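Here is the structure we will look at.
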Amino acid sequence: MACSASDLAPLLSTTVNSTEAATYLCSQFGSIANQLSDTTYAVNNTYLLFSAYLVFAMQLGFAMLCAGSVRAKNTMNIMLTNVLDAAAGGLSYYLFGYAFSFGSPSNGFIGRHFFGLREFPSSQADYSFFLYQWAFAIAAAGITSGSIAERTQFVAYLIYSSFLTGFVYPVVSHCPVKSDNNLLFGSGAIDFAGSGVVHMVGGIAGLWGALIEGPRIGRFDRSGRSVVLRGHSVSLVVLGSFLLWFGWYGFNPGSFLTILKSYGRTAVTTTLAGCTAALTTLFGKRLLVGHWNVLDVCNGLLGGFAAIIAGCLIQEDSA
């Protein structure tokens, strides 16, 4: 935008010394534009930080969900793994992960700049963006903790969590952010908020972890028959589900990185996806097993949120 005194003077023709007034206003135009730019940056930066806090709050949701889903004797261990996801993942992502994800110059596989946040912030990103991406990285690790609960040694999980957030997740997340790369070989696939980058990475890691480690102790009796191992607290499962629901409003709408008009619709489609999945699971399980089950509803709710992540930007609320 530019200000011209000659163009502005006719608009001030009824004012005494209109030319001088127009010249003065134009001299202040640059300062006003800079102040407006600073205000816009501050608002967007605050929005991104708040979204990062919401996504980070999902770690508490994962901790409560997993703690309620395991036997009481394993509660301390599963809570420790969730703390490790945030702590070890934070250092690992700071030292290596962010550079592998967003370091420039880079290639189609991995970045190679910003190790330990050297020469950071840059013209492309600042510390609030790093914090938001770190919250995503540890969310991927948190997804896996429930898959290998009650069967993993502390040291093994520490190594896994650091490696996933420092190398595996960053390499996967590097592909979508490269402008010259397209998901699924340019087929038009969309992953707006990390359905594949976050949840599929965490899910596949959890699947392989469960396959390698095998069933939990006591999962089968001596004759090989399956034994149901029930969690010790439904209340913690429900609490964790609501905390994850709350955090998803930073996960999906926050992926805009700035405040845009589409933010509201993304929040609505996210909400409707979870609600629809929860009710579908509720009545579906009622028809199959003949009774209501809050644990099934919580699982369906979270499944609905995970399913809408990729397309929440373009999905119509009526769909």
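Cβ atoms are placed via backbone N, Cα and C, with glycine included.
For 47-313, the entry in TrEMBL reads domain 'Ammonium transporter AmtB-like'.
Tertiary proximity for the transmembrane segment (47-67) is limited to same-chain residues at least six positions away from its ends with a CB under 8 Å from its CB atoms, namely 75, 78-79, 81-83, 85-86, 128-129, 131-132, 134-136, 138-139, 142-143, 145-146, 149, 233, 236-237, 239-251, 253-254, 257-259, 298. Among the features that TrEMBL reports, transmembrane segment is placed at 47-67 (among others).
Note on the transmembrane segment (79-100): residues 56, 59, 62-63, 66-67, 110-117, 130, 133-134, 137-138, 141-142, 145, 149, 152, 154, 157-158, 161-167, 169-171, 174 of its chain, located 6 or more positions outside it, place their CB under 8 angstroms from a CB of the stretch. If you look up TrEMBL, you'll see 79-100 (among others) marked as transmembrane segment.
Panel annotation: around the transmembrane segment (129-149), residues 48-49, 51-52, 55-56, 58-59, 62, 65-66, 69-70, 74, 78, 81-82, 85-86, 89-90, 93-94, 97-98, 101-102, 117, 120, 157, 160-161, 164-165, 169-170, 173, 194, 197-199, 201-203, 205-207, 209-210, 213, 216, 250-251, 254, 257 of the same chain, lying at least six beyond its termini, place a Cβ under 8 Å from a Cβ of the stretch. Annotated transmembrane segment per TrEMBL: 129-149 (among others), in sequence order.
Taken from TrEMBL, the feature transmembrane segment covers 154-172 (among others).
As annotated by TrEMBL, transmembrane segment applies to 192-212 (among others).
TrEMBL lists 233-251 (among others) with the feature transmembrane segment. Listed by sequence, the residues of this chain that lie at least six past the ends of the transmembrane segment (233-251) yet keep a Cβ under 8 A from its Cβ atoms are 50-58, 60-69, 72, 135-136, 139, 193-194, 267, 270, 274, 294-295, 298, 301-302, 305, 309.
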Residues from the same chain, set at least six apart from the ends of the transmembrane segment (154-172), whose C-beta lies under 8 A from its own: 77, 80-81, 84-85, 88-89, 91-93, 95-101, 109-111, 137-138, 140-141, 144-145, 148, 196-198, 201, 205, 209
